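Q: Found this in Swiss-Prot, in case it helps:
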type	residues	note
BINDING	Lys26, 72-73, 99-100, Lys103, His105, 124-132	5-phospho-alpha-D-ribose 1-diphosphate binding site
BINDING	Phe34, Phe35, Thr128, Arg156	orotate binding site
Amino acid sequence: MEQYKRDFIEFALSRNVLKFGEFTLKSGRKSPYFFNAGLFNTGADLARLGEFYAAAIQASAVDFDVVFGPAYKGIPIGTSVSVALFNRYGIDKPVCFNRKEVKDHGEGGNLIGSPLQGKILLVDDVITAGTAIRESMELISANQAELAAVLIALNRKERGKGELSAIQEVERDYQCQVLSIIDLDDLMQFIEQDPRYSSHLPEMRAYRAEFGV
């Protein structure tokens, strides 16, 4: 596992963004872990978070023109990612985000920041049902732009209601890569190697066996 992945897991644990235990998800599933990126909520947290996204971008070598953060959670992520890309790697990319309510005065429209043009890197925290991605694709298509890739913090790698995960459905429907800072396999490897968390292994393995893709 790359060092930035291990560091990100440690960071998420230290902020209680990532927890092990027993949690009931919105789907009703009982999960042995929970991830809530909304708890990255200070200036220092967002600065570090942006650096982890930037590290994943560099590792993937994805080719893109604009960073797009869909409302609402994607807005601070997109901003912190674009700042981190410049500060850490000297890469200066435009950033764009949308408002969910179309504004009919002032600058109008539903996009703020850079025009949505060229190859778009969409950044968000997680993909649960893929709804935000589908809404974003309508915006991207309406602006004659192209989705280069999606980058999220965590890929749970678990099935939705069918045989595919929401992420696999997005990849199939939009012919794009979905990248992540970490995924379930990284989490499994981390707890296998860390005695602080190894007691959660049986539940994690059982969960992956039942719901994993």
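Cβ coordinates come from backbone N, Cα and C, glycine included.
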Q: Widest Cα span across the orotate binders Phe34, Phe35, Thr128, Arg156, in Å?
A: 13
Q: Given Ile127 (5-phospho-alpha-D-ribose 1-diphosphate binding site) and Arg156 (orotate binding site), what distance in Å do their CA atoms have, once rounded to a whole number?
A: 9
Q: Taking the Cβ of Thr128 (orotate binding site) as the reference point, list residues of the same chain whose Cβ is under 8 angstroms away and which are at least six residues distant in sequence.
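A: Listed in sequence order: Lys26, Ala166.
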Q: Around the Cβ of Thr131 (5-phospho-alpha-D-ribose 1-diphosphate binding site), how many other Cβ atoms lie within 10 Å? Please give the count over every shown protein chain.
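A: 10, counting other Cβ atoms within 10 Å of Thr131 (5-phospho-alpha-D-ribose 1-diphosphate binding site).
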Q: Please identify which of Lys26, Lys73 has the densest Cβ environment, defined as other Cβ atoms within 10 Å, among these binding-site residues.
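A: For the binding-site residues Lys26, Lys73, the Cβ with the most other Cβ atoms within 10 Å is Lys73.
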Q: Out of Lys100, Asp125, Ala129, Thr131, point to the one nearest Phe35 (orotate binding site) in space (Cα versus Cα); all of them are binding-site residues in the record.
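A: Of the binding-site residues Lys100, Asp125, Ala129, Thr131, Asp125 has its Cα closest to that of Phe35 (orotate binding site).
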Q: Around the C-beta of Ala129 (5-phospho-alpha-D-ribose 1-diphosphate binding site), how many further C-beta atoms are within 10 angstroms, looking at every protein chain?
A: 14
Q: If I restrict to non-local contacts, at least six residues apart, and a C-beta distance under 8 angstroms, what lies near Asp125 (5-phospho-alpha-D-ribose 1-diphosphate binding site) in its own chain?
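A: In sequence order, Ala37, Gly38, Lys73, Gly74, Ile77, Ile152, Ala153, Leu154 meet the Cβ cut-off.
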Q: Look up Thr131 (5-phospho-alpha-D-ribose 1-diphosphate binding site) in the DSSP assignment and reduce it to helix, strand or coil.
A: helix
Q: So of all those binding-site residues, Lys100, Ala129, Thr131, which one's Cα sits nearest to Phe34 (orotate binding site)?
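A: In terms of Cα distance, Phe34 (orotate binding site) lies closest to Ala129.
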Q: In sequence order, which residues at least six apart in the same chain have a CB under 8 Å from the CB of Arg156 (orotate binding site)?
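A: Sequence-distant Cβ neighbours: Phe35, Val126, Ser165, Asp183, Leu184.
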Q: Counting Cβ atoms within 10 Å across all protein chains shown, which of the binding-site residues Phe34, Phe35 comes out on top?
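A: Max Cβ neighbours within 10 Å, all protein chains included: Phe35.
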Q: If you draw a 10 Å sphere on the Cβ of Ile127 (5-phospho-alpha-D-ribose 1-diphosphate binding site), how many other Cβ atoms land inside?
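A: Around the Cβ of Ile127 (5-phospho-alpha-D-ribose 1-diphosphate binding site), 21 other Cβ atoms lie within 10 Å.
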Q: Which residues in the same chain, at least 6 apart in sequence, have a Cβ under 8 Å from the Cβ of Lys100 (5-phospho-alpha-D-ribose 1-diphosphate binding site)?
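A: Lys100 (5-phospho-alpha-D-ribose 1-diphosphate binding site) has long-range Cβ partners Ala71, Tyr72, Asn110.
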